[in-house]
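Colleague: Sharing the features that Swiss-Prot gives for it:
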BINDING   Glu168, Asp219, Glu237, Leu238  divalent metal cation binding site
BINDING   Glu217, Lys239, Gln263  substrate binding site
Amino acid sequence: MVLSSSLFVQKRSTTTALKQPKELGHYSRTQDNGFLVNDDSRLAYYYLPDTDLDKKLDLLSGIKKFKECNTEEFDSTTLHGLLSTLEEYERRKSKKTKVDIITFRGIIRKLISSAFDSSQFNPVNFRIVSFDGQLFIKEVKTDASETSINKNRESLQARAYYSGYKFEALATLSLPLPLVPRTTLEKRPKKIINNGDQFISMVRTGIGKCKILIGAEVDCIFDFKEDSDDNLKHYAELKCTTMVNTVSDAHKFERKLFKTWLQCFLVGINRIIYGFRDDNFMLKTVEEFTTSEVPLILKNNNPQMQTVCVDAIKWYGAFTEWLLTSIPRPEDDIDTIKAYKLIFENNHLKLTEIESDDEEYKQLVEGEEILSNSFKQWRKDLRK
């Protein structure tokens, strides 16, 4: 019998017990589609002195030279870099990592957001494989031509998209400040930008009884990097948005801040830095928030968002519990892989098993759409 289950978005768990996030490893992803395990060459360092804000920084400067890496060949949703990092970690420990779900932060954020946003603004189209007692969740790659900035660089959407990357480039350095030549500092506004170079942190966390391993892109180090395995307390999230001038603007920003809070609290990033721009995409001000203060800001400023953060955590607990209860995860059968489709429609998360005659089945179960062959072999070798 084919497995099928659904969960209404109003469902809430009684638990709000979150596990303390811990960084287990990291990797760098290159713009030419490479994965560098335990490499921090793509890690950036925050540097945006107040005097820079007086220089009329243009967040559209260089948009025509922007290198868009979201192409057919570049799968931004692949788990392979995360799995390679996990494999290296397990080889050092000589044992399997005890978690129930392995995925990216963006997937968990979208699943949480499904209780607050419509599917039009928060599309959920995921694939899950059950292997070796664990669930691996991947987002279905969208058509690059639909999401690419190359479609129309003059559109408001494309300019807003680019301005976020530009803000990151203006606010960060590729090395700690003492190691950066003055000429490099002065040329920062002219730096050509791409969205393929990424630094990804591998974090173990969870809620209730569910243990989760999450890959999360890190924007920058805020202060300094320790020579240790866990630098979560030093990371910062960078965002750029329009200035807040009206009550309507404030409520719009609060909704954005809630989503940013979700991103950060999931993996234990404590600092959020927002750049505010005018309608001409000139950077005007920068404001810092601690992740822990965001729920209080939302509660005090917007009556409609008084309980939204606690609500989000209870929904997080509900859908992870539902996934673990619904999908069989046999620990003693390393040779069986089963695949599932997870979508969001009509106010429900819907889970359906993918049968062997489905066109997706072969790549999901026998191919490398989610699990790499090397990772599957490693888990088999671990049992010998």
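Every residue gets a Cβ built from N, Cα and C, even glycine.
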Colleague: What's the CA-CA gap between Gln263 (substrate binding site) and Glu237 (divalent metal cation binding site) in angstrom, rounded?
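Modeller: Just about 9 Å between their Cα atoms.
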Colleague: Between Glu168, Glu217, Asp219, Glu237, which of the binding-site residues has its C-beta surrounded by the fewest other C-beta atoms within 10 Å?
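Modeller: Lowest Cβ count within 10 Å among the binding-site residues (Glu168, Glu217, Asp219, Glu237) is Glu217.
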Colleague: Reported as an integer number of Å, what is the Cα distance between Glu237 (divalent metal cation binding site) and Glu217 (substrate binding site)?
Modeller: 9
Colleague: For Asp219 (divalent metal cation binding site), which of the three DSSP-derived states applies: helix, strand, or coil?
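Modeller: The three-state answer is coil.
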Colleague: Work out how many Å separate Lys239 (substrate binding site) and Asp219 (divalent metal cation binding site) at their Cα atoms, rounded off.
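Modeller: About 9 Å separates the two Cα atoms.
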Colleague: Between any two of Glu217, Lys239, Gln263, the residues recorded as binding substrate, what is the biggest Cα to Cα distance in Å?
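Modeller: That value is 13 Å for the farthest Cα pair.
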Colleague: What whole-number Å value do you get for the CA-CA distance of Leu238 (divalent metal cation binding site) and Glu217 (substrate binding site)?
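Modeller: Counting only the Cα atoms, the answer is 11 Å.
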Colleague: Between Glu168 (divalent metal cation binding site) and Glu217 (substrate binding site), what C-alpha distance do you get in Å?
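Modeller: Rounded to the nearest whole number, the Cα-Cα distance is 13 Å.
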Colleague: Which one of these binding-site residues, Leu238, Lys239, has the sparsest Cβ neighbourhood, judged by other Cβ atoms within 10 angstroms?
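Modeller: Result for the binding-site residues Leu238, Lys239: minimum number of other Cβ atoms within 10 Å at Lys239.
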